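As annotated by TrEMBL, transmembrane segment applies to 12-32, 52-72, 108-130, 142-164, 170-192, 289-309, 316-340, 346-372, 384-407, 413-430. Under the heading domain 'Major facilitator superfamily (MFS) profile', TrEMBL lists 16-438.
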Amino acid sequence: MDVETTNPSMWLSFPHVVVGTLSSFLFGYHLGVVNEPLESISLDLGFSGNTLAEGLVVSTCLGGALIGSLFSGWIADGVGRRRAFQLCALPMIIGASTSATTKTLAGMLIGRFLVGTGMGIGPSAVALYVTEVSPASVRGTYGSFIQIATCLGLMVALFIGIPVKEIAGWWRICFWVSTIPAGFLAVAMMFCAESPHWLYKQGRIAEAEAEFERLLGGSHVKYAMVELAKLDRGDDADTVKLSELFYGRHFRVVYIGSTLFALQQLSGINAVFYFSSSVFKSAGVPSDVANAFIGVANLSGSIIAMLLMDKLGRKMLLLWSFFGMAISMLVQVAAANTFVSGSASLYLSVGGMLMFVLTFALGAGPVPSLLLPEIFPSRIRAKAMAICMSVHWVINFFVGLLFLRLLEQLGPQLLYSMFASVCMMAVVFVKKNVIETKGKSLQEIEVALLPQE
């Protein structure tokens with residue numbers, strides 16, 4: 001058996017990965033789409049000044065996302081990764097159209113909820129797909145596409161929202177625009193490769209070989225199929241029970257995955273994204289400039305991560321990223337300190353926040369959604385991913401709900417110190433529990449992690 005020594009060409013799988021990451025672009029877009037237009041939506045639909053209703057427009061989306069992510073594993077395993085993308089695009093198209101045409105708050109919330117279910121299915125589907133169709137040598141680079149696409153989606157949403165104050169009813173256009181990439185995703189997926197791992201699990205061996213040929217090139221098919229066969233010792237026939245994920249031999253990887261996502265959310269990143277405008281406003285920076293700054297910090301961090309992911313490895317990026325985030329939070333604690341003079345405190349709080357976003361995008365942002373499908377064995381991959389994403393959404397929801405209240409009750413110094421200590425806990429957790437996966441095939445990783453029976 002001659003092992004192929006050269007790495008497969010990355011360009012064969014490139015178009016498939018790009019189409020898949022459209023779902024991440026949509027995800028980012030819908031996260032940011034109500035940011036600017038919220039005021040004019042509330043005026044047009046007659047709930048202006050009602051903060052609860054405004055909060056609901058933002059968070060109904062997260063509720064839908066939790067439900068979507070709970071079912072995402074069963075969808076991806078049941079109908080395949082490609083169909084999962086189409087099922088993610090469909091509610092996004094219907095929901096965005098509902099929001100764009102509605103005359104009432106209820107219609108808006110229904111639309112946001114539908115979009116949310118699509119947003120819940122998307123991240124799991126794209127993480128699985130990118131992990132399973134890309135060659136090991138560039139898996140990290142492709143994994144960072146997910147983060148970059150999400151950033152671009154956020155930035156495009158903020159950019160399209162700019163004329164919302166001048167043009168009446170512009171917010172309807174903001175929703176309509178999102179149906180274009182969603183429609184494209186649904187159609188283009190018909191022409192993309194299905195995940196060979198999924199086909200193999202379904203017993204469709206010949207099709208899996210054909211897809212490997214499309215993705216890796218003819219000379220690599222044999223080796224890839226041998227690698228797949230190593231793992232498949234006939235344990236795929238039985239379905240995965242939920243109990244297996246919570247105790248039993250897979251508990252450890254599910255625990256590592258959920259904890260990584262929990263730490264990622266509790267580090268305060270979404271608080272920064274949701275409420276950056278108000279922090280900048282108090283520093284006298286107009287919100288559109290602030291959003292642009294944050295977008296640029298996020299994007300540049302993600303691009304650096306893409307270049308380093310397969311060189312330095314995932315663990316290094318995670319460690320330094322969480323460490324940098326802790327330092328940035330402490331800078332913001334210093335800014336909130338009464339001993340620091342006015343202008344210095346402004347520079348510190350704005351600088352600390354931008355540094356926080358930059359260091360987040362270097363590792364804590366892109367790594368978990370790439371690392372988890374790598375460390376999950378193939379038979380539990382989709383379902384375990386669904387559980388970890390659900391943890392992510394639950395925490396995300398509560399952070400969004402409670403952040404402003406906590407800020408009032410505890411004051412910025414205590415709250416930011418709490419965020420900083422979460423980041424330091426994350427450093428310790430990663431050091432002890434995470435293994436390095438760069439350049440290894442999914443099969444090698446699985447063998448390294450599973451306790452041998």
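Every residue, even glycine, has its Cβ placed from backbone N, Cα and C.
Keep in mind it's a predicted model, so treat the numbers as computed, not measured.
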Can you give me the average pLDDT across the domain 'Major facilitator superfamily (MFS) profile' (16-438), rounded to a whole number? 85
The transmembrane segment (108-130) versus listed stretches 12-32, 142-164, 346-372, 384-407: most Cβ pairs under 8 Å: 12-32
Would you kindly check 12-32, 170-192, 316-340, 384-407, 413-430 and say which stretch has the most C-beta pairs under 8 angstroms to the transmembrane segment (142-164)? 12-32
For the transmembrane segment (384-407), could you work out the same-chain residues 6 or more beyond its ends whose Cβ comes under 8 Å from its Cβ atoms? 55, 58-59, 62-63, 65-66, 69-74, 76, 120, 123-124, 127-128, 245, 250, 253-254, 257-258, 260-262, 264-266, 268, 270-271, 274-275, 372-373, 376, 415
Contact yes or no, the transmembrane segment (170-192) and the transmembrane segment (12-32), 3+ Cβ pairs under 8 Å, gap 6+: yes
